[in-house]
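Inspection log for the structure reproduced underneath, given as structure tokens.
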Amino acid sequence: MVDAKQVRFIVGVIGNVISFCLFFSPAPTFWRIIKNKSVEEFQPWPYVATMMNCMLWVFYGLPVVHKDSILVTTINGVGMVFEAFYISIFLVYCGGKKNFRRNIGLYLVAEVIAVAAIVLITLFAIQNEFAKQTFVGVICDVFNIAMYGAPSLVIKKVIRTRSVEYMPFLLSFVSFVNAGIWTAYSLIYKLDLYVLISNGLGTALCASQLIVYGLYRNATPRDEDKSKPSEIEIPGTV
């Protein structure tokens, strides 16, 4: 008979697969960059931010912070590899963009310093296990909620233009499923409050995006000057 712990593990593995798909989803963008040997108007900051998110969740899932959450660490470790690859492509093909490489480098150094400080504070300044989970978990949640909420920034534009051109359905749908799976994972066998908070809110945010998409999918767009939409992606959230 399958017990709750085994069910949680199975759900976590499913979550790893779905999160892997999210991390892989920007691949066509980077194939285009490689093929054209130019980053064009694409921006690296979503991937730089996701790198920070992944580093934090890798640490959160380790036994020194939270026991029985190793699947959180594994998928975010994979995510770090993806983000490092994506960022390296930006560095190679940014061409003559002024201070582009320097700015990316400075942000990455700042992230490493910030994560190192969080690790040191957690390991040496906080002794209580619950306090460690709270300290790291709250920081992780801030980044994860921001990742889930990023596509919601275009909802106002969708309503104004009555066009879903700027809201990618597949990204919102897969993110919704991903958030739902990790919410279930956090509730089974042993409550994981911080995985629950960010993914519960993420489920609601993604649901709102899908509702707006459904309302305006067949609407007649309003005429307005259309510039190239900014790239809003969630390379990966857990």
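Here the Cβ of each residue, glycine as well, is placed from N, Cα and C on the backbone.
Given the structure is predicted, the values throughout are model-derived calculations rather than measurements.
Record features (TrEMBL):
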- 6-24: transmembrane segment (TRANSMEM)
- 45-64: transmembrane segment (TRANSMEM)
- 70-94: transmembrane segment (TRANSMEM)
- 106-127: transmembrane segment (TRANSMEM)
- 133-154: transmembrane segment (TRANSMEM)
- 166-188: transmembrane segment (TRANSMEM)
- 194-216: transmembrane segment (TRANSMEM)
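For the transmembrane segment (166-188), the neighbouring stretch richest in Cβ pairs under 8 Å, chosen from 6-24, 70-94, 133-154, 194-216, is 194-216. Against the transmembrane segment (70-94), the recorded stretches 6-24, 133-154, 194-216 differ in Cβ pairs under 8 Å, and the greatest number is found for 6-24. Below 8 angstroms of C-beta separation, residues 46, 49-50, 52-53, 56-57, 59-60, 65-66, 118, 121-122, 126, 166-168, 171-172, 175, 179, 193-194, 197-199, 201-202, 205-206, 208-209, 229, 232-234, 236-238 of the same chain, each at least six residues beyond the ends of the transmembrane segment (133-154), sit close to that stretch.
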